[in-house]
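Structure first, then comments.
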Amino acid sequence: MKRTLSLSAQTEVENSQHRASLEKKPHDVSKMFDDVAQHYDLTNTVLTGGLVHVWRKVTREAVGARVGLKVLDVACGTGASAAGYAADGADVIGCDFSPGMIARGRELHPGLDLRVGDATALPFADEAFDVVTISYGLRNVVDTQAALRDMLRVTKRGGKIVVAEFSQPTNPLFRATYFEFMRLGMPLLSTIFSSDAPAYDYLRESIQAWHSQKDLAAVMHEAGWRSVEYKNLTNGIVALHRAIRK
Ligand SMILES: C[S@@+](CC[C@H](N)C(=O)[O-])C[C@H]1O[C@@H](n2cnc3c(N)ncnc32)[C@H](O)[C@@H]1O
């Protein structure tokens, strides 16, 4: 299960305006994303070596957006995924609690319906959407269960959830190399390409502390989702979980 690491993280929050603790507080998380919003998409591309675009494509296929479907992208950030679902013809809303990320998304994707809102108290009616999805957001939500339950509430019966999230590489040698890259390479790259390098220390720590593929499937089931299944992308750097509201 998810490890709640305290490290010296609390102290780091106190010393920095910019990064959240692993004992996350919603305001710290929201502020941290406000601060990285301007260069968020570029930094994502650099830190993942472009793989984020491959993962978004696979996620987009799993979401299966099309004309007539109502899709909610929770923790949508700057709308990079939501824009794809809209391009596929769906009626899409993106929702995120960082006003900075939403503002940047509106600049990048004029006309896309992006709203400020909390994943744990979604400002939508029960059973309003055919598909709810969240990419690289669930790990950042303070109360994972509350978000999964509220996403269930706004999904129609028979509708689905798609979760894309960093996970645990399955091959031990690959996993060791990957975590070593994160420890050594990520601070360097984030210093060069991001306006806020400490936020990317949080990124690394939060990925290492997050659920394994199997554990996240169990957490989703506990929240009320059924027929939970997952597949690994790039040897499990990312996992794509899917489930149904029965
Ligand atoms: C790593 S970014 C991912 C953004 C986007 N989904 C993407 O794929 O690029 C994580 C996002 O989760 C949002 N977030 C974290 N906790 C949230 C919450 N409780 N409610 C809404 N958004 C939240 C942050 O503001 C941030 O924009």
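Heads up, residue numbers simply count up from 1 along the chain you see.
Glycine residues also receive a Cβ, built from the backbone N, Cα and C atoms like all the rest.
Automated prediction, rather than curation, is the source of TrEMBL annotations.
Annotated in TrEMBL:
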COMPBIAS  1-14  compositional bias 'Polar residues'
REGION    1-25  region 'Disordered'
COMPBIAS  15-25  compositional bias 'Basic and acidic residues'
BINDING   Thr78, Asp96, Asp118, Ala119, Ser135  S-adenosyl-L-methionine binding site
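Long-range Cβ contacts of Asp118 (S-adenosyl-L-methionine binding site) within its own chain (separation 6+, distance under 8 Å): Pro26, Phe97.
Between the binding-site residues Thr78, Ser135, Thr78 has the most other Cβ atoms inside 10 Å of its own Cβ, all protein chains included. When Cβ atoms from all protein chains are considered, those within 10 Å of Asp96 (S-adenosyl-L-methionine binding site) total 27, not counting its own. For the recorded site, Asp96 (S-adenosyl-L-methionine binding site), the DSSP three-state label reads strand.
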